[in-house]
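Chemist: Dropping a structure here in C-alpha cells format, bear with me for questions.
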Amino acid sequence: IMSPVLLKLSEKTTTNMICDLFQNSEDIRCKCICPPYRDIEGQIYKQNVSLKDCNCLHVVEPMPVDGKDVEAYCLRCECKYEERSSGTIKVTIIMYLSILGLLLLYMVYLTLLEPILKRRLFGHSQLIQNDDDVGDQQPFANAHNVLSHSHSRPNMLNKVEHAQQRWRRQVQEQRKSVFDRHVVLS
Amino acid sequence: MDTSGFRTGSLDSLHHPSDVDDDDEMVDIAGATLDFSHTDDDPPLGSGDYEERGGSRAAGMNGNGPNKMVDPLEDPLPGLGTYEDFNTIDWVREKSKDRDRHREITNKSKESTVALLHSVSDAFSGWLLMLLVGLMAGALAGGIDIAAHWLTDLKEGLCLVGFWFNHEHCCWTSNETTFQERDRCPQWQSWAELITGTSEGAFAYIVNYLMYIVWALLFALLAVALVRAFAPYACGSGIPEIKTILSGFIIRGYLGKWTLIIKTITLVLAVSSGLSLGKEGPLVHVACCCANILCHLFTKYRKNEAKRREVLSAAAAVGVSVAFGAPIGGVLFSLEEVSYYFPLKTLWRSFFAALVAAFTLHSINPFGNSRLVLFYVEFHAPWHLVELVPFILLGIFGGLWGALFIRANIAWCRRRKSTRLGHYPVMEVLVVTALTAVLAYPNSYTRMSGAELIAELFNDCSLLDSSQLCGYKPPTNTSKTGVGNSLADRPAGEGLYTALWQLALALVFKMMITVITFGMKVPSGLFIPSMAVGAIAGRLLGVGMEQLAYYNHDSFIFKGWCSPGADCITPGLYAMVGAASCLGGVTRMTVSLVVIMFELTGGLEYIVPLMAATMTSKWVADALGREGIYEAHIRLNGYPFLEPKEEFGHSSLTVDVMRPRRSDPALAVLTQEGMTVGEVEALVESTRYSGFPVVVSQESQRLVGFVLRRDLLISIDNARKRQEGVVSASQVVFTEHAPAQADDGPPPLRLRGIVDLSPFTVTDHTPMDITVDIFRKLGLRQCLVTHNGRLLGIITKKDILKHMAQIANRDPDSILFN
C-alpha cells in the first residue's frame, strides 16, 4: 500500500535514473580546433553547448586575439558538434565483461570441476561416461540415430543433462574435425 | 503432351512461370535433353489416378492407397528430406518443395479469411526476417566495435573516471588536451603511471612495454581457449566456409548459437590483442549466424534449405555493410564473392537488410561522431590525369602483393595442416601474439590498431593536424594558403622524415606477419591488414610524388598543372588507392571493392583512380595465380565447391568421367520389385554410396528413379519399428501397385514415396562442358548416365571436381567431401 505521492516519487526517480543512464548532459560537446596563427600556438577548445551555439564565437574562450583579428582567427578554426551516449558504452562493456566472465567460469567448471564432482557422486565405475570414440568416420552413421532419441523421460533434469551431453559430443566432434584431423577450417 | 505431368513441379514451373507467382528467374536450362517415355509397367500419368503431386515424396508411405493426395504442408516422417552433415543439398528438390508449399497456401487462401491471412503473413515473413536480421546484426556489430575499442586501449592504460571508457572517450570532455598532444589528459593513466607513478623515462617505457605484452598474451590466450572449449568452428575468417555453404554444402553447427556467441566474444579479444587481423570477415560469419538462428522462427525458412540460403546471402551483405558502413557495397560483395545463386528477389531484400543494419549501427553510434567506420574520408581534393601513372603503379604493387600473399599463406596453412605445427594451436597463437607484440610496440605505427593506422594514412594534412605524418616545414608565407585550411605542397620537415622510415619498417613488418596470422585458430579477417599494407605503400608513394612535385615544379611533368603554391598532390588519396588495390589483389573483388571505397569517401571524384588501380591489380594478380584467397582456402580444405565462374575447357565426354569405370564393380542398383528388405539392407550397408538408382529389372536396366540412402534407411527403420509384419523377408516394392503374392508371406514394404521419379539424366556422349553446366546451373548432386535409353552409370559432383583437379594437374584426392 504505497501512497500516491510515494508512487509518483519512485516513478520519477526511476525515469530520472533511466534518463541519466542514457542521456548524460556531458554527452554533447562542441570541439573547436584552431591552428597556429601568427605567434599564437594552436589550441583545442571544448565546451558542452548545443548545436546552435557550436561556433567559434561561443566556444573559444578566452579569445586569444582581440578586435579586428577575431574574424580572421575564427575563419581558420573548425568547430564540430559531437554526441555520444556514455550509457550505451557503459552497458555494452559491462555486458561484455559479464558474458566473458560467465563463459570463463563455465569453461573452468567443465574442464576442472565437473570430473571431480562426478567422481565424488557416482564413484569410479561410471567415470567413463563421455564417449571419446563417438566420432565415427562415416558421416552416414547417424541416419540410424535419427529415430532413436525420441524416448525422453519427462524429468526436467534428465532433459537438461541429455541436452548437455549431446552438445558436448557435438563440440568434441567439431574439435576433432578442426583441431585434430584438420579437415575443416585448415 | 501427357508425359509432361510426370515431372516434378520444378521443371514444369520453369517452363510455365505464369502458373506460380514466383520471381525466381535464376535457372536457365540449356541443352539438356530429358526423355521419359515408358512403354510398360507403370502407365503414364494423366490416365486417371496419380498418387502424388509435385515433388513431395515425403509422405505416401506404406498403407496409403494410390489415390491419396499428399498435402505438402503436412509434416513428413521426421528426418526424411533432411541431409547428413558434410553433404550437399539437392537444390532441385528443395526448390520444388517450396513451390509446392507456396502453391498450396495460395490455393487454400481462397477458402477462408484465416487462410488468407496465413498467406499474407507467409508472403511478409521474408521481409520481417530481413528486418530482424538487420537489427540483430547491427546491434552486435555496434557492441563489437565499442568493446574492441575499449579492450584495445586497455593494453595501454585505464580511465579513472569510469573504467568502461576508452582513451578517446576518457578525454572527451577534458580541457587539458593540447594542440600537439591531443590525447593527453589526467583522467587517462597509462599503466606505467598507475604502477610506478611516472610517465617519462626508460623505466616507464619498459613497464608500458611489458604490460602491453602481458595484456596481448592474455587476450590471445582467452580467445583461443574459448574457441577450443566451446566452438571450434568459430576460428578463421568464415568466408570460405560460408561460400561453400551457400553453394549447397551442409556443415552442421557452423552457423549455430554457440558459434555466434563465441565468435562475437573472441573476435573482440583477437582484434584487441594487437594481432594483425581485421574483423570484417568474421562479421560476415556473425551476420550469417544471426540469420540462421532467426530462420528457426519461420517455418518457411526452417524447413527449406534452399530458401534458407537466400536469407544467408542477404546476411552476408549485412555483414559487409556494418563492417564498412557501405550497404550497396555489401550487396555487391554478397553477389560477387559469397553467393552462388542470387535471384533478383534476394537483391532487393539484401539491400533492405543492409540498410536496416547500417541504420541500427548509426543509432548506436559507436565512435561518437556519427560515422560507421573509423577511416571515413572527408576530403574532396581534385586529382590530375598525370597521376594515373602512379595509381597504376600502385595497382601493380597490389596485384603482386596479392599473388605473393596468397601463395605464402597457403603454403603456411598447408604446413599447419600436415606437419606437427598443427598439433599445438594454442601454443602457436601465443607465440605469434608474443612475436607481434614484441615487434610492434616500438614503432608507433604498428602499435596502433589497423583501423586507426588506416584512418591516419587516409587523412589529408591540413593546418589543423599536428601528427608526425603531417610534419611539414611551416609555410613561408602564412597568409598565402589555399581554400579553408588546405595547404599548398610543402617540403618535408623532420617529423615527416621520421614518419617515412617508420612507415617503411611498418610495411615490411605487416607484410610478413599477416602471412602467418591469417588462418590461426582465432577469428581472423584480412580486409584491414591488406588495406593497411596498401595504404602504407600508397602514402609513401604519395609523399614521394608530393616532394617530387615541390622540388621539380619546373620539369615538364608537373609544369602544366602543378604550379608552386597550389595543392596538387594529395597523399591521402594515394593511400586510399593503394588500400583498394591491395585488397583487390588478395580477394580479387572488382565492382564491390570500388563501390565500398566510394561509399567510404562519399563522393564520385575518385572512382576513376580506384577503378584503374583495381583493374590493374586484378589483372596482374590473375596473371600470377588464378584464385583469390577464399577460393584458395576452399581448395586447400577440399570442399566440394564447383566454381561457377571457371570455364571448363577440356573436351572430354561424360562417359570418361562417370562411374563405374572399367575396373570398378558394377553399378549398385535396386530393382523396383523382387528385392527383400534383407537384401536391400545388405546392399546399402556394404557400400558407401549416398544414393541408388532404381531400375525395372537387372536385365533391362531401364530407369525408374533414384532413391537416397538416408531416406531408405530411415524408412526401413521406421517400418521395422512401427509397421506390423515387416521382416527381413518382406518384399520391397517401388512400384505403384504391389504384385500379387502368397497369403502366408509377410506384407510388402511400399517405398514408392521416397523415390525421386524424375532424376536428371544425360547420355554417355554428352560433352563434359554441357554436363558441368547442368550441374552448376541446376545445383545437382548426381546425374545418371544412360546409353540408348538404358542406365549405364552415375556421375556425381565429386567426380566432376576430381576430374577438374586432374586436368589442372592437381591431386584429385584432395577433394574430401561429397
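Cβ coordinates are placed from backbone N, Cα and C, and glycine is handled just like the others.
TrEMBL lists these features:
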type	residues	note
REGION	B:1-68	region 'Disordered'
TRANSMEM	B:127-151	transmembrane segment
TRANSMEM	B:209-234	transmembrane segment
TRANSMEM	B:255-277	transmembrane segment
TRANSMEM	B:283-299	transmembrane segment
TRANSMEM	B:311-335	transmembrane segment
TRANSMEM	B:388-410	transmembrane segment
TRANSMEM	B:422-441	transmembrane segment
TRANSMEM	B:499-520	transmembrane segment
TRANSMEM	B:526-545	transmembrane segment
DOMAIN	B:658-722	domain 'CBS'
DOMAIN	B:754-812	domain 'CBS'
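Can you tell me where each of these features sits in the structure?
Modeler: With a cut-off of 8 Å between Cβ atoms, the residues of this chain six or more beyond the transmembrane segment (B:127-151) that come close are 164-166, 168, 219, 264, 267-269, 271-272, 279, 283, 286-287, 290-291, 294-295, 297-298, 301, 311, 314-315, 318-319, 322-323, 349-350, 352-361, 364-367.
Here the transmembrane segment (B:209-234) has Cβ contacts under 8 Å with residues 151, 154-156, 191-192, 195, 251, 253-254, 256, 258-259, 261-263, 265-266, 269-270, 272-275, 285, 425-426, 429-430, 433-434, 436-438, 441, 447, 521-523 of the same chain, all six or more residues outside its ends.
Residues 140, 143-144, 147-148, 151-152, 154-155, 212, 215-217, 219-220, 222-224, 226-227, 230-231, 233-234, 238, 245, 283, 285-286, 288-293, 312, 432-433, 436-437, 440, 447, 449-450, 510, 513-514, 517-518, 520, 522-526, 528-529, 532 of the same chain lie 6 or more positions beyond the ends of the transmembrane segment (B:255-277) yet place their CB under 8 Å from a CB of it.
Long-range contacts of the transmembrane segment (B:422-441) within the same chain: residues 209, 212-213, 216-217, 219-221, 223-225, 228, 273-276, 416, 447, 509, 513, 516-517, 520-522, each at least 6 residues beyond the stretch ends and with a Cβ under 8 Å from a Cβ of the stretch.
Residues 237, 276-281, 323, 387, 390, 393-394, 397-398, 401-402, 405, 445, 450-451, 453-454, 457-458, 469, 492, 496, 500, 503-504, 506-507, 510-511, 514, 517-518, 569-583, 585-587, 629 of the same chain lie 6+ residues outside the transmembrane segment (B:526-545) yet bring a C-beta within less than 8 angstroms of a C-beta in it.
Summarised as a single figure, the pLDDT of the domain 'CBS' (B:754-812) averages 89.
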Chemist: For the domain 'CBS' (B:658-722), how many residues does DSSP put in helix, in strand and in coil?
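Modeler: Output for the domain 'CBS' (B:658-722) reads 24 helix, 16 strand, 25 coil.
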Chemist: Can you tell me how the residues of the domain 'CBS' (B:754-812) break down into helix, strand and coil by DSSP?
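Modeler: Counting residues per DSSP class in the domain 'CBS' (B:754-812), I get 24 helix, 18 strand, 17 coil.
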Chemist: What stretch of B:283-299, B:311-335, B:499-520 shows the most Cβ pairs under 8 Å to the transmembrane segment (B:388-410)?
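Modeler: The stretch with the most close Cβ contacts to the transmembrane segment (B:388-410) is B:499-520.
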Chemist: Would you kindly list the residues that approach the transmembrane segment (B:499-520) from elsewhere in its chain, counting only those six or more residues past its ends and only Cβ-Cβ distances under 8 Å?
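Modeler: Contacts with the transmembrane segment (B:499-520): 235-237, 275-277, 401, 405, 408-409, 412-413, 416, 425, 428-429, 432, 435-436, 439-440, 443-446, 453, 468-469, 471, 492, 526, 529-530, 532-533, 536-537, 539-540, 543, 633.
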